[in-house]
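To start, the structure itself, in structure tokens.
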Amino acid sequence: MTTVANSVEQKKGFGATLWDWLTTVDHKKIGILYLIGGGFFFVLGGIEALMIRLQLLIPNNDFVSAGFFNELITMHGTTMIFLAAMPLLFGFMNFIMPLQIGARDVAFPFINSLGFWMFFLGGLFLNLSWFLDAAPDAGWTSYASLSIASPGHGIDFYAIGLQIAGAGTLMGGINFLITIINMRAPGMTYMRMPLFTWTTFIASALILFAFPPLTIGLFFLTFDRMFGANFFDHTMGGNTIIWEHIFWIFGHPEVYILILPAFGIFSEIFSTFSRKRLFGYSAMVFATVLIGFLGFMVWAHHMFTVGLGPTANAIFAVATMAIAVPTGVKIFNWLLTIWGGSIKITTPMLYALGFIPSFVMGGVTGVQQGAAPLDYQLHDSYFIVAHFHYVIVGGVVLGILAATHYWWPKMFGTMLSEKLGKVTFWFFFIGFHMTFFLQHFLGLMGMPRRVWTFMDGQGWNLFNAISTVGAILMGIATIVLIINIIITTAKNERIGNDPWEDGRTLEWAIPSPPPFYNFAQTPLVRGLDTYWIEKQEGHNGYTAAEPVTDIHMPNGSIIPFFMTLGLFIAGFGAMYRIEHSWGLAVLIFGLAFTFLMMAIRSVKDDLGFYVTKEQIRRMERGRN
Amino acid sequence: MDLNTKFTPQSWPDHPETATMEGKNKFVGFWLFLGGETILFATLFATYLALKNSVPDGNEFRTETLFELPLVFVMTMLLLTSSLTSVYAMYHMKNYNFKQMQVWLAITGFLGLGFLALEVYEFNHYIHLGFTYGNSAFSSAFYTLVGTHGLHVAVGLVWLTLLILRNAKRGLNLYNATKYYTFSLYWHFIDVVWVFIFTVVYLMGVVG
């Protein structure tokens, strides 16, 4: 029996720390890695957004060139969806979900680490396009005729980078599913799971079924561009609409993959700070499942103007509008949770309150576009841009910011400043509405999306200028948040288990930050809002389901990083194979390296290690 | 989990593949993975059906003239039989009969290798006829669908070989029982996909 990572409490040198983070399989550390990676790309995507808005500040502007503008909008969308929003949500899922169900780690810690590295190196690969060639410029949807014709390697970076990152996401999704199916603590039945865990569960199921089509679509694109295939080339019998179908069969569930976890975050926040049980818990669960199911039935509403015919358009229009029903159920349940509650206006609660009107507006414009005839008018206009920013920023980003303030104390053991938090909120909230509200009208006035610049005298000048000022306000909000994080970390004022004092779920019953084994004893769950029940009965902590026993923990490993590195190298080989003779060798080397790492993983036994009872007792005592 | 625990056929659990927590996780995880794979192949099938016989003007290649059922029939028989032999292997695994299990798995591997060899021959034959990957949208869709299946067979064979060699000396335990079992799940899945390829690509191609 080996000893515990004596590592946990001691100071280490830089090299050892770096090695520790490269090899970690601890779901909490991987969660933090996801937040760092996602945060980095969020800032990057934000800078791209600001450049877009500065270009559109005045008519006939030439702040950036037209080609560069195309690269900016493509990379802004791709970065924000794949490399910022999803990884940030994955960070919270990774850190919080196992704590909420009383588990010591996810089902496959090794694959968890692999998933992170694939996301991060895939994202890095995509962004290296800025320096190595040209960035992709066919829009984040990368419609085939355009992307096949795009010169240079930009689209190749898109196809291969997203392939690597997407595979990582798929692994993460499967991992969360099994964690929730198999690793819930005794008594944690499905209908006692906190809403954030439920939404993680459903979002992961969507990932499992939505990402394989993306994988195939990206392979088709890769093969068409780099290996002489003809899927999308109509002169060779191909069909460009296939890309649109495949992309949106992935792409529409993707927006629910993003919004459902945000719904979960807000459900936790509403009930915590209203100090009430979530209203209509089972209806909330059912609505989540229903949204997930319907999410697969509506992809063609992105393609109304393609000409699929009135029958197909009608069916997809009805299915699209049907999604408003379960979403409405959720909105009313949140309102009724607040109703009559003992409300505490904290920063997370502010975000939650701001989310409801913002998201409802995005939802209403969504139903409008779901009406196929109206969509013919709105298609490809700024109305669409306004709509999807209202749901993604007004829903997902507000959710991520709320979760950052809400779970920060649990993750790092210090409390973000509430004062600065509220400053962040107001800058962001006002900036957000300033930027996007007027874009509805710009769309109705005829301004098409994805245009590099516009001419004077069309009545678009004022609204565009206001929109740009709003974007700058959001930028200021982000800077305030970063300052808040730096100040909080520097002050380092430690807090207890339940810093909000109203925590309801299991994660608040253990120290902040939790020890690496999470729960010294597996908890016994006696109902919904486990920790709330314990507190009402006067307990401080949770009821244990077992005596203190040896805890089995997984070993760290560098193999996930190396596996990903192989794919990263192979990506360059595949891309440069066309003009350089060394490309093929590099491609083969990279793939062989990855397969070798897989073989080592398969052949080498990895049984983990045990933390002994005595060590646990010692560490728990040291804490109290 | 202790790898040195020796079992007898009597003390060996009824479901060794799910006897440990790790085993249970892998078991459920693998089923979900196969769910994702199903969608992956469904996308390939849909694309193939959309692009079947879709060729530029003057291109002569059609499913009716290209495919030869006798060869594909032999391939189908090889793969179906290999699925049966993997069932025998799992039967012996559940009875803690390590030697018999390894033998049946080796037979499974050889049948799979035979299938793969015939597939390489088939592709090679088509390419010599001029039906290359870039010949038309139809050829791209055909090679990508059938080739992805072939790649799965190849990966399965490497996996199987590693399993057989790695555990040859130490025999069965609760750690590798799950690995053997998930391999057999994978192998059956490949077989099912092939049944669809045989039907949709070859039978419907020649008859339809």
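Indices start at 1 and increase along the chain as displayed.
Note that Cβ sites are derived from N, Cα and C of the backbone, with glycine treated the same way.
Lifted from TrEMBL, the feature list:
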DOMAIN    A:13-526  domain 'Cytochrome oxidase subunit I profile'
TRANSMEM  A:72-96  transmembrane segment
TRANSMEM  A:108-132  transmembrane segment
TRANSMEM  A:157-183  transmembrane segment
TRANSMEM  A:195-221  transmembrane segment
TRANSMEM  A:241-266  transmembrane segment
TRANSMEM  A:278-300  transmembrane segment
TRANSMEM  A:348-367  transmembrane segment
TRANSMEM  A:387-408  transmembrane segment
TRANSMEM  A:420-442  transmembrane segment
TRANSMEM  A:462-487  transmembrane segment
TRANSMEM  A:558-576  transmembrane segment
TRANSMEM  A:582-600  transmembrane segment
Task: Please check if the transmembrane segment (A:558-576) comes into contact with the transmembrane segment (A:157-183), where contact means 3 or more CB pairs closer than 8 Å and the residues in each pair are separated by 6 or more positions.
output: yes
Task: Decide whether the stretches the transmembrane segment (A:157-183) and the transmembrane segment (A:387-408) have at least 3 CB pairs under 8 angstroms, with pairs required to be 6 or more apart in sequence.
output: no
Task: Across the whole of the domain 'Cytochrome oxidase subunit I profile' (A:13-526), what does the mean pLDDT come to? Round it, please.
output: 95
- prompt: Are there 3 or more C-beta pairs under 8 Å linking the transmembrane segment (A:387-408) with the transmembrane segment (A:241-266), counting only pairs at least 6 apart in sequence?
  reply: yes
- prompt: Looking at the transmembrane segment (A:72-96) and the transmembrane segment (A:387-408), are there 3+ C-beta pairs under 8 A, with each pair at least 6 apart in sequence?
  reply: yes
Statement: Spatial neighbours of the transmembrane segment (A:108-132) not adjacent in sequence (6+ beyond its ends, CB under 8 Å) are 23-27, 30, 33-34, 37, 41, 44, 75, 78-79, 82-83, 87, 90, 94, 153-154, 157-158, 160-169, 171-172, 174-175, 178, 554, 557, 559-561, 563-565, 567-568, 571, 601, 606
Task: Return the stretch with the most CB pairs under 8 A relative to the transmembrane segment (A:420-442), choosing among A:195-221, A:348-367, A:387-408, A:462-487, A:582-600.
output: A:462-487
- prompt: Any residues 6+ beyond the ends of the transmembrane segment (A:462-487) with a Cβ under 8 Å from its own?
  reply: 43, 46, 49-50, 53-54, 56-59, 401, 404, 416-417, 420-421, 423-425, 427-428, 430-436, 438-439, 441-442, 454
Task: Using Cβ atoms only, state whether the transmembrane segment (A:348-367) and the transmembrane segment (A:387-408) have three or more pairs under 8 Å that are 6 or more apart in sequence.
output: yes
Query: Who are the chain neighbours of the transmembrane segment (A:582-600) in space, where the CB to CB distance is under 8 Å and they lie at least 6 residues beyond its ends?
result: 559, 562-576
